[in-house]
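**Q** In case it helps, TrEMBL gives these features for our protein:
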DOMAIN    132-205  domain 'PAS'
DOMAIN    210-260  domain 'PAC'
DOMAIN    336-388  domain 'PAC'
DOMAIN    574-798  domain 'Histidine kinase'
DOMAIN    823-940  domain 'Response regulatory'
MOD_RES   873  4-aspartylphosphate
REGION    801-820  region 'Disordered'
TRANSMEM  44-74  transmembrane segment
TRANSMEM  86-105  transmembrane segment
Ligand code: ADP
């Protein structure tokens, strides 16, 4: 049932109820009222129905009340006629009153209803407004942003909780305060206070947004980064301002963290010289990190591009490497790794090493490949360089054939290091010889070599190979131009040829030996590769040149060493021969001197013992000289030879040598002519060495001349001092041999064909001794059979002040008294030497001689024998002569004795040591027995160091 209908029915029922109630009440009042007022209660019922139940029920009530009142309460009861006309008035009154009540009720109800509707509306509006306010508040509260609302006067009207938290003001405290008091900001960068233009915003209804984050100064003075926007409230009413404040601390923190991490990444990429890339496999787009283009000098790597365009940059030979690496990554999810060459705009290539990884989507499908790339050209070049240097080193290490090894080195250099490589060496004659010429195409190399031979470089070119060899300075030409070509290559035809080869860059480095002498040059030229050499390449070339030069020199030294070794072997054979030679006559002499064995001479002439002795003595002297020369050579090679210079008058010295050499010259059937200057000539020289020089030259002249020849010795002052010329009419010297005869072991004749003996050391020794004296020596010969001339030039000195009074004797001064008999202790581990000398001294000198063969024995004998003279060999087994001398000096029995050292060592150092050990004299074996006797005769010596 419809609610209205139900209401209607209910009102009708209520009307009925009201009638029933009115009827009941009238019945109840019947006793009191009787027939009067039949409608008394019905008036009330009708009024009630009219007022409260509406028109319909009121009519129902009125009609029912009329009917029932008439029927029940108008006399005659329960009858429908009107007995009394007054009753009709009653009825009409009822009808009138009921009608009036109904009209009144209806109009009042209408009025009431209208009043009720208005109240409802007002209530409703109030409710709506309240709801809206609540919703707004809830909205403001639930907002993630702070909201401050002001009135039109700019004073705070409300703060939401976020604004409260941000500003530090509670809404209650803030309300009524000027906005600037509660919302107070300053610029983040300049730290200047910012004022919100409240009046303007309000006046013009603007919306104001802060330019960027600002710092909100909170109530407690702390600061908070915020962003705010303000706008006027346009509600047609009083208006106001709403400020929306957003806390951006977290956002800024994240932004800063992101910025920092981006910056770190950028720095890391830049520091690692890395470019990062991101390839979207679905779209084919590739994005490179910002700095990639400048880092690799490839503008195409700037920002976004496509993989297809990237592939255009890859060296055609490396595309397959890249493809394989990508396929492996995409198919198997392997990390991506590849090295390939990329082209720069100028056409040159650099090596990129790239690594990356696949980024899959949620379903595991590869969607992106991300990675980094680095320029590894230097590393690759360094690897190649060290491989090249190692291989070149190996080629040089196994160097047996110089030229072949250098050719291999040149071949190794192309095309990795250069397009052309050449090696030039300086030959002993001083000419530059091209040993190797390499190019990837051997035919081209051969052609270039032919051209080079036909048009060799001019030795005085200011640039190029000749200049490098001449100056020893390396040359690097990064970019060959016409001017350079013109300076380096004088020949225009050759220049045209080289121009056609398109030469681009050039390096030439000298090859130097250990003494830093230039022995050749290595040349590298780039052409078709377009390579531009730089300082690093020059360093590689110099390294290679150094290795090559060392290897060359080692190989040459090895060769020389082998040759020297061979010469040494030959020399030992010659030495044995030369030492054996004098032994034969000596042995014969000894046999001849044995009285029992020699039969009386057939011719009746007695054997000339003196002649035999003299011959044996000559042989011994010859042998001693050989050995002396040999020892001097050893000293020269060790650098220990030394002079004992003193003022020496040359002419007497020459006379002495001439008279000593006279017999051997005469014996060789030669004539000796001597031309000496009149005036005295003084040298500051070691007299023994000058004698040695002269003796050697005279001996050679004798040796290399045939009987009947002539030897001339001419001494004359010249510009440089004095010149000593030894000229002979002998076998002469081949021109080729002339420059070499002063070299050690150099002999014109050698091997089995040698007829004239000699060790090949004499002239070498002579030259060293002459040079040690500040002089020079030269040899001249007009050729074989035409004699030779040796000229020694020596510096002279002023005559010393007391030149005339100087003693000339080379032997130690001594007061000779041969008749004096001495107690002599002779110590030598060589028993023969000891016995023979002992016998000589005992027999000839009449001295009392005791022998000892080692140190302890010598000391023992000395203690009982108290020798006046001790002849002591230094090289004794166990305790050496120095030690024995020291002990003898310390012992009472021999401390006054004359101690004479007998030794094979005659250097100044040996003399110093013997002096320090307490020796008085130092004699070198074989000793001159006459000298020994003189020394013995002079004992006891003065207690000062004797001549050493
Ligand atoms: P050697 O012991 O062989 O004589 P030297 O060093 O004295 O050694 O001489 C070297 C070489 O020089 C000799 O072997 C000889 O060939 C040559 N020579 C030296 N002096 C003369 C000379 N007066 N006439 C010809 N040749 C000489």
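Cβ coordinates are placed from backbone N, Cα and C, and glycine is handled just like the others.
No curator has checked TrEMBL annotations; they are predicted automatically.
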**Q** How many other Cβ atoms are found within 10 Å of the Cβ atom of residue 873 (4-aspartylphosphate), counting all protein chains shown?
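**A** 25, counting other Cβ atoms within 10 Å of residue 873 (4-aspartylphosphate).
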**Q** Using DSSP, how many residues of the domain 'PAC' (336-388) fall into helix, strand and coil, respectively?
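**A** Once the DSSP states are binned, the domain 'PAC' (336-388) shows 12 helix, 30 strand, 11 coil.
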**Q** Give residue numbers and ranges for long-range contacts of the transmembrane segment (44-74): same chain, 6 or more residues beyond its ends, CB-CB under 8 A.
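**A** For the transmembrane segment (44-74), the far contacts come to 8, 11-12, 14-16, 18-19, 21-23, 26-27, 30, 35, 38, 80, 82-83, 87, 90-91, 94-95, 97-99, 101-106, 108-109.
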**Q** In the domain 'PAC' (210-260), how many residues does DSSP assign to helix, to strand and to coil?
**A** 12 helix, 23 strand, 16 coil
**Q** Restricting to the domain 'PAC' (336-388), report the mean pLDDT as a whole number.
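**A** Mean per-residue confidence for the domain 'PAC' (336-388): 90 out of 100.
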